Amino acid sequence: MRKDDECRAFVKKVIMSRFFKIIMISTVTSNGFFMALWTSYEIRYRLFRLLELSEIFFVSICTSELSMKLYVDPINYWKNGYNVLDVIVMIIMLLPYTVRELMGRQFSYVHIADGMQSLRILKLISYSRGIRTLIIAVGQTVYTVASVLLLLFLLMYIFAILGFCLFGSADKGDHDNWGNLAAAFFTLFSLATVDGWTDLQKQLDNREFALSRAFTIIFILLASFIFLNMFVGVMIMHTEDSIKKFERELMLERQVTLMGEKQVILQRQQEEISRLMHIQENADCKSFSELVENFKKTLHHTDPMVLDDFGTSLPFIDIYFSTLDYQDTTVHKLQELYYEIAHVLGLMLEDLPQEKPQSLEKVEEK
């Protein structure tokens with residue numbers, strides 16, 4: 001057990017907070033903007049002090065972030081690939097200063113270390129779930145894409161040797177495009193991407209090669225329309241799968257958050273119901289309806305109605321049974337009242353004088 005568990009929990013809460021992520025994203029984005037300004041010699045000369053301060057600020061923020069994450073969990077930190085990427089970016093950031101201190105400012109390869117500073121924008125990956133989703137999709141396509149690229153390489157190898165034999169002859173051949181295997185591969189790559197293939201074909205037509213057009217059309221159909229489209233299709237399929245998985249994860253997180261809110265509301269309502277039941281037992285002067293009205297006053301207008309868990313909770317069942325008892329008692333008393341009313345009305349009818357029919361009255365008069 002670490003003695004600084006409370007401090008570590010606080011630092012972890014800070015790192016996982018939305019505000020901290022916004023700060024890091026804003027810092028990396030602003031540094032990328034200043035790096036774009038740094039590429040202009042005129043702006044670099046005018047805003048040299050501002051660019052220098054922004055660089056110091058960016059390095060300080062990234063160093064603090066790395067220190068905080070290592071402080072929270074120094075062992076599991078290295079198990080996350082994005083954390084390792086952040087460490088690599090930190091090493092690249094410190095590389096120019098190290099090279100200048102060790103080799104001097106006139107070191108011939110110091111510009112390479114300066115150019116590698118563009119990789120610091122990769123720190124956005126660890127704070128963007130969308131970018132991570134695309135990276136996962138690319139990672140899932142490695143084996144399939146490797147198979148497609150291997151087939152494309154075999155196809156280019158076959159056509160490169162065939163093109164060298166057909167169009168790279170020593171007498172009238174096209175030595176610039178088909179004179180050796182390397183040149184043939186580069187030419188086939190241009191044909192596969194359909195980049196300037198008409199100029200390449202025109203050079204073959206000028207030398208009057210009979211099979212050049214059939215060779216070009218067949219290779220473009222196989223390489224561009226089949227293999228490259230297959231490559232794009234594989235990428236799209238895995239990207240769609242990753243996006244759907246990402247959407248399912250977001251929906252699951254929303255459901256977990258909603259369930260947490262419902263549990264909080266449910267617990268508060270159950271506590272209020274238990275309190276009302278306790279008040280009802282100790283205070284006979286209050287009616288049940290009055291207690292219910294008091295309970296309604298404790299609810300907020302933003303509280304959703306929790307019906308699935310609330311309807312099966314013990315306090316709700318107790319209240320529901322109490323309500324049914326009140327209803328049964330009320331119905332029983334009403335029935336007794338109706339019986340008494342009917343009995344009284346029957347007695348009143350017996351006391352009233354009975355009227356004789358008119359036919360009997362006429363007979364008595366005669």
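The backbone N, Cα and C atoms fix where each Cβ goes, and this holds for glycine too.
Annotation source TrEMBL lists domain 'Ion transport' at 18-238.
Taking Cβ pairs closer than 8 Å, the transmembrane segment (20-41) reaches residues 14, 47, 50-51, 54-55, 57-58, 61-62, 65, 117-118, 120-121, 123-124, 127-128 in its own chain, all 6 or more past its ends. The feature transmembrane segment is assigned by TrEMBL to 20-41 (among others).
TrEMBL lists 80-99 (among others) with the feature transmembrane segment. Within the chain carrying the transmembrane segment (80-99), a Cβ under 8 angstroms from the stretch's Cβ atoms is held by residues 59, 62-63, 65-66, 69, 107, 109-110, 113-114, 116-117, 119-120, 122-123, 125-126, 132, all 6 or more beyond its ends.
Here TrEMBL flags 142-166 (among others) as transmembrane segment. Within the chain carrying the transmembrane segment (142-166), a Cβ under 8 angstroms from the stretch's Cβ atoms is held by residues 178-181, 184-185, 187-189, 192, 209, 211-212, 215, 219, 222-223, 227-228, 230-231, 234-235, 238, all 6 or more beyond its ends.
Residues 152, 156, 159-161, 163-164, 166-168, 200, 216, 219-220, 223-224, 227-228 of the same chain sit 6 or more residues outside the transmembrane segment (178-194) yet have a Cβ under 8 Å from a Cβ within it. The transmembrane segment annotation in TrEMBL covers 178-194 (among others).
Positions annotated as transmembrane segment by TrEMBL: 214-236 (among others). With a cut-off of 8 Å between Cβ atoms, the residues of this chain six or more beyond the transmembrane segment (214-236) that come close are 137-138, 141, 144-145, 148-149, 151-152, 155-156, 159, 162-163, 166, 188, 191-194, 197, 200-201, 204.
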